[in-house]
Structures are given as structure tokens and as C-alpha cells.
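According to TrEMBL:
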DOMAIN    48-350  domain 'Plant heme peroxidase family profile'
DISULFID  58-138  disulfide bond
SITE      85  site 'Transition state stabilizer'
ACT_SITE  89  active site, proton acceptor
BINDING   90, 93, 95, 97, 99, 111  Ca(2+) 1 binding site
DISULFID  91-96  disulfide bond
DISULFID  144-346  disulfide bond
BINDING   186  substrate binding site
BINDING   216  heme b binding site
BINDING   217, 269, 272, 277  Ca(2+) 2 binding site
DISULFID  223-255  disulfide bond
Ligand code: HEM
Ligand SMILES: *[C@@H]1O[C@H](CO)[C@@H](O)[C@H](O)[C@H]1NC(C)=O
Ligand SMILES: *[C@@H]1O[C@H](CO)[C@@H](O)[C@H](O)[C@H]1NC(C)=O
Ligand SMILES: *[C@@H]1O[C@H](CO)[C@@H](O)[C@H](O)[C@H]1NC(C)=O
């Protein structure tokens, strides 16, 4: 389990205070700042990810990724949401190492078969297409894990969200973990402390939890993932009282009590489903969050509710923190040593 950023930083700061008092003259303020900034990233990333990683080896990589993604997005805008979610599901399992992208084989049980991903995780063909084009330009150079991270950022940009520089240099795993996928990715009926714990286990705090949940400004969820809220939320045969009753009635029309409608898709942000914006947070304030895990960010924790209010009010602050939290999520346990590889095909490990 990773310590939280705050607790793991504390000793460094205390240490520096002592040094600073005893040897102020020795410490050049510039190098102090440099050291401090290196240490600030240490708990999440003892590595050398940096945005310039491919500047010499494959300067066209990001341009190629963006143009292929755009061509798919124009035909099917839903890919943006799908790819953003793939990045999250990759990073929460052994770090952002492309493990999610591996298909099942003799040696691999694919994470695609896990509970959160089965019948749900999609968009892999876009990553394949980007990989193919980048392999043609720069063979065996750019990892699938980096491609997915770049494509997630570009998905946000294409839908009107913020942009940020993506630290690069991840390598691809030679293995997958279906148990990690089942255990680490929170379920939509999780209670608040479970959401918080599962994020904290990845070094992400409450700010990151609330902010990154804002990704549900895009995309869809299936009836099976929120039906309980419509009919029998707590075993008394009543719908969830924290769900707007008109909205609930609307959802019941195509999300019936029986399993017949299990796979029917519903927008996570009914207001502006194709636009990356802060309306997700406005919805929560009107009891119109789709998933239980969405609505409880407003109803079950004061600090979290404060952030929801802030983001509903200030789109700029949401965008700013979303960029930061995405970088933080993208830096979860990167694989940078020889136990990782640059996969040639994102669906299988190299021969
Ligand atoms: C806080 C915990 C989270 C839970 C419990 C959760 C759960 C879910 C569920 C159940 C779905 C619908 C899946 C389906 O019905 O097939 C979904 C969709 C989605 N999630 Fe999350 N999620 C969480 C956090 C995140 C994060 C951190 C991101 C990205 C930063 C994200 C991005 C998405 C996107 C974009 C979709 C729509 C996918 C599509 O349209 O295909 N989610 N999520
Ligand atoms: C979460 O971590 C960020 C740094 O990554 C920090 O700025 C923020 O204050 C923290 N939020 C909470 C609620 O601890
Ligand atoms: C609601 O769920 C409880 C158990 O969770 C069950 O005993 C009850 O029969 C259900 N009520 C309805 C109306 O489906
Ligand atoms: C590579 O790094 C991982 C941690 O990121 C570590 O578990 C593993 O032992 C390292 N492998 C080699 C060959 O150094």
C-alpha cells in the first residue's frame, strides 16, 4: 500500500528544515528548489518520466496519436470517453503499464475479463490504430502505456476540456492482473470510504477522487450499474431518496426492473454528454448523478461536497485540478526498468 503524499512527504520537509537552519549559507537557493521539486514527486514517481522523453527518438509520436484519435473521434465521439476510462483502468492495476491492453493468451488472463471491464471496457481498436501508425514511423520506440496516456489527454482536449503536458517514458508490462482489476477499481455501488480507500491505495487523495470523477462528464453507464437506485436502493422497495424523482422516472422507462435492459446505455452527464465541462458537478447538486458513486460525492462527505460546489461554480478550477490529478494518476507506479518492454502490438507481449 502506498502512503499518502502528505504523510510520506513530512519527513523530508522536517529534514530540510534542520538542514536549512544549520547550513543556510551552504544551500544555494536554486538547487534547494530543484531538490525540493524532485522530492515532491518522489512518493508517486521514483522514475524519469518526462514530457520530452521521445523528442529525439520519435518526435512525431504525439502528432500521429492526435491525428489518428481525431479521425476516429469524428466518426464516433464516444471513443473519447472510452479511452479516458481505459487509462484509469490501466493505471489502477500495477500502475500505468498497458497491462489492461493485453488480450488473453496461454500465459495471460486478460484484465478485459474482470468485473469492471467485461462487456464494458471499449476503444481498444483506436489504441491499436495509433500504435500501428507510430510503429511504422518509429519501430519499437513508443510504449503502449504512453500511447494510452497521450490518447486519454487528447480525448479530454477533443471534447472541450483542458490540455496538459504528459510525462512520458513508461514501459509496457509483460503481465496482467485480473485480480488487481477486480480488487482495485471501485464499483459503482461502493460506499464513500471505499472510494476514498481505493484511491488512497493508489496515492490519490480526496481532491483527486472528486476531481477525476468529473471524467463522468463524458460517456455512458449501463442500466445494470445503477438499477438498484431506481427500484430498491436499501432493501425497502423504495428508490434512492438522493436521486431526483423525475429523473428517476425518466431512467426507469428504459432501465426496467428485469434484467432485460441490463446493457442499455445512459449518459453519465445527461446535460452535456459529449462536452467535457463541469456540468457533472452541477448535476450532483441537483440530485441528478447517475451512479451511486457519483451522487455520494455530494451527500456523504462534507469536504467532498465542498469541492463539488466549488467545481459546479468554477469551471476553470475544475479544469486546472483535473489536469494535475490526471498527471498524478498517470504517474502511478510507472514501469521504467528492464522488466518492462516496448510492446510491438499492444495486445500481446513481445515474443
Ligand atoms: C470514483 C470511482 C469510479 C467509479 C465507481 C466508476 C464507475 C464507472 C462505471 C460503473 C461506469 C459505466 C460502465 C458501464 O456501465 O459499462 C463508468 C464509466 C466511465 N468512467 Fe468511471 N468510475 C470511477 C472513476 C472514474 C475515473 C477516475 C475516470 C477517469 C479519469 C472515469 C472515467 C469514466 C468514463 C469516461 C466513463 C464512460 C465510458 C464510456 O462511455 O464507455 N471513471 N465508470
Ligand atoms: C491532495 O494532494 C494535492 C497534491 O497532489 C494537494 O494539493 C491537495 O491539497 C490534497 N488534497 C487533500 C484533500 O488532501
Ligand atoms: C428489495 O430488496 C430486498 C433485499 O435487498 C428484498 O428483500 C425485497 O423483497 C426487495 N423489494 C422489492 C420490492 O423488490
Ligand atoms: C523494476 O522495477 C520494479 C518496480 O517498479 C521492481 O519491482 C522490479 O524488481 C525491477 N526489476 C528489475 C529487473 O530491476
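Glycine residues also receive a Cβ, built from the backbone N, Cα and C atoms like all the rest.
When the binding-site residues 95, 97, 99, 216, 272 are compared by Cα distance to residue 138 (disulfide bond), the shortest distance belongs to 97. Listed disulfide-bonded residues near residue 89 (active site, proton acceptor): none (candidates 144, 255, 346; Cα-Cα distance within 10 Å).
Each residue in 218, 271, 273, 275, 276, 278, 279, 280 lies on the same chain as 217, 269, 272, 277 and has a C-beta within 8 Å of the C-beta centroid of that Ca(2+) 2 site, without being one of the site residues. Each of the binding-site residues 90, 111, 269, 277 was scored by the other Cβ atoms within 10 Å of its Cβ; the lowest score goes to 277. A separation of roughly 13 Å, to the nearest angstrom, links the Cα atoms of residue 95 (Ca(2+) 1 binding site) and residue 144 (disulfide bond). Neighbour density for residue 97 (Ca(2+) 1 binding site): within 10 A of its CB lie 29 other CB atoms from the protein chains shown. Around residue 138 (disulfide bond), taking its Cβ as the centre, 16 other Cβ atoms fall within 10 Å, counting all chains.
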